[in-house]
Amino acid sequence: MTKIFAHRGFKGNYPENTMIAFEHALHSGADGIELDVQLTKDGRLAVIHDEKLNRTTNMKGLVKDYTYEELKRGDASHSFYEETGAVTIPLLEEVLELVTQRSSFMINIELKNSIYRYPGIEEKVKEQIEHFQIEDRVLVSSFHHGSLALFHKLMPHIELAVLTMDVIHQPDMYLKTIPAKGYHPNIKGAGVTKEVVSALHADQQVIRPFTVNSEKQIKNMLTLGVDGIFTDFPDRAVKIREEMK
């Protein structure tokens with residue numbers, strides 16, 4: 001059965017990558033969440049997508065140039081302020097504390113280190129995975145495929161996934177070079193086909209496209225038999241999956 005991941009929490013209805021979004025994702029019927037981590041100036045794992053604070057907070061500048069205590073003073077509610085009030089950028093440990101309350105709930109941690117390298121981010125994520133004992137239900141993804149190769153050396157038993165905005169020719173072969181098990185392509189690309197899904201499955205690999213939001217996209221991906229989807233509207237995807245059973 002195709003797993004449904006709540007993209008950045010419940011991004012369609014709540015401020016992305018915030019505790020309120022993750023709380024609602026937890027009760028949406030989704031099988032897991034996806035979140036993004038970056039390192040603050042003082043080496044904390046902040047959960048935020050953009051390298052710049054401007055789009056999703058009332059602050060300006062780069063995440064890496066602020067300590068976490070400074071970031072906490074900002075408001076990350078952006079366009080949802082009237083519904084949620086002010087909310088803060090959470091730490092990875094806060095999110096893991098929440099979601100580990102539900103057994104089997106999956107967590108996709110995306111390392112946002114393709115623009116700024118954030119040396120040591122792999123080791124810090126490893127520490128959190130071990131602390132919360134979620135090795136059996138976590139996957140780590142990144143657009144920085146060299147970072148995934150490093151993570152494999154640190155935790156060879158953890159599932160890794162290659163993120164890409166472009167089409168990768170023979171992704172089943174490419175994944176083996178890292179090595180990674182998961183292929184996470186952009187739904188807007190031309191790389192999600194029956195042939196690609198079959199080739200990956202033949203090598204015991206998995207495919208989880210992003211970001212799958214419309215009813216048509218969701219139905220198409222479920223019909224293709226992809227292993228998972230990332231969606232801003234997990235409740236919608238869960239409903240469609242139930243209807244298609």
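FYI, residue positions are counted from 1 along the chain as it appears here.
Cβ atoms are placed via backbone N, Cα and C, with glycine included.
Binding of divalent metal cation is attributed by Swiss-Prot to Glu34, Asp36, and within the candidate set Glu94, Glu97, Glu110 the record adds Glu110 to that site. Figure note: comparing Cβ neighbours within 10 Å for the binding-site residues Glu34, Asp36, Glu110, the maximum is reached by Glu34. Shown in sequence order, His7, Arg8, Asn17, Leu35, Val37, His49, Asn108, Ile109, Lys112, Ser141 are the same-chain residues outside Glu34, Asp36, Glu110 whose Cβ sits within 8 Å of the Cβ centre of the divalent metal cation site. When the active-site residues His7, His49 are compared by the number of other C-beta atoms lying within 10 angstroms of their own C-beta, His49 comes out lowest.
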